[in-house]
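Some notes on the structure that comes next.
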């Protein structure tokens, strides 16, 4: 409560901000930190193992799994960007954060979210070519083309998201330096300002539509074509086999976008309680990185076999 009580004044070009964690749940944040830490640990281990397996298993040197490795690296980045400060708040009461460090964290969190969305679109494009034009799959998705796609996604995200902290940096007068969140999020920082923030809000919506909205639309279009082709396959076994190659991507796609849009719209237009929004938005950032390697590990035989070999080697060495 003492943290919240320090907000009844204006601040000119603040050097530090205060992150309070999950408002309303401060008294149990210490214990909340343990399940969050467990999820981060699963995400870190799962994605590191996934990257190593894809890098060392030649049969996985295919476009879908190369994109999956990039997705795993993005998930690792998200965990590193959010977990250390969040757990420091929960366990050690380390509430203060330099304003520039806050903007840096904000950039990396939103940039990595945008990167993840773009990679999910690239994976949908891969499934579209593999099912709708299989004879040209290898000639279209060459290593050079894959590198260009990943580079385009990275440039798009960096340029669009990079403007967010620049617009925030131009603000000078703040009504508070207390951020009711466990990490620096764009709208949470915008709401601190005591100046006109219409440009910040409008540009934030623009970025969300250009990245999340654009990607969502084209992923849906890809799957409309995929389902049309699959439904016209003559044999039931062929339809099931074709659809089965998409299920892992569909699960990851749904978990990402459902949680993303809930977090985005509840912050701007919703009337959910602050602790509900912040708790779920933190889950949105941490749970998909933990689930993604599990989903693909369960569905991909080569990954399952490699993990089994690693476990057997460890058991034999003991």
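Positions of Cβ are set from backbone N, Cα and C atoms, glycine also.
These come from TrEMBL:
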| type | residues | note |
| --- | --- | --- |
| DOMAIN | 46-296 | domain 'G-protein coupled receptors family 1 profile' |
| TRANSMEM | 30-53 | transmembrane segment |
| TRANSMEM | 65-83 | transmembrane segment |
| TRANSMEM | 144-168 | transmembrane segment |
| TRANSMEM | 205-230 | transmembrane segment |
| TRANSMEM | 242-265 | transmembrane segment |
| TRANSMEM | 277-298 | transmembrane segment |
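Highlighted: of the candidate stretches 30-53, 65-83, 144-168, 242-265, 30-53 has the greatest count of Cβ pairs under 8 Å to the transmembrane segment (277-298). For the domain 'G-protein coupled receptors family 1 profile' (46-296), the model's pLDDT averages out at 89.
Sequence-distant contacts of the transmembrane segment (144-168) (same chain, at least 6 residues past either end, Cβ-Cβ under 8 Å): 63, 66-67, 70, 103-104, 106-107, 110-111, 114-115, 118-119, 121-122, 125, 186, 189-190, 199-200, 203-204, 207, 210-211. Panel annotation: around the transmembrane segment (242-265), residues 64, 71, 113, 116-117, 120, 123-124, 127, 130-131, 208, 212, 216, 219, 223, 226, 229-230, 233, 277, 280-281, 283-284, 287-288, 291-292, 295-296, 299-300 of the same chain, lying at least six beyond its termini, place a Cβ under 8 Å from a Cβ of the stretch.
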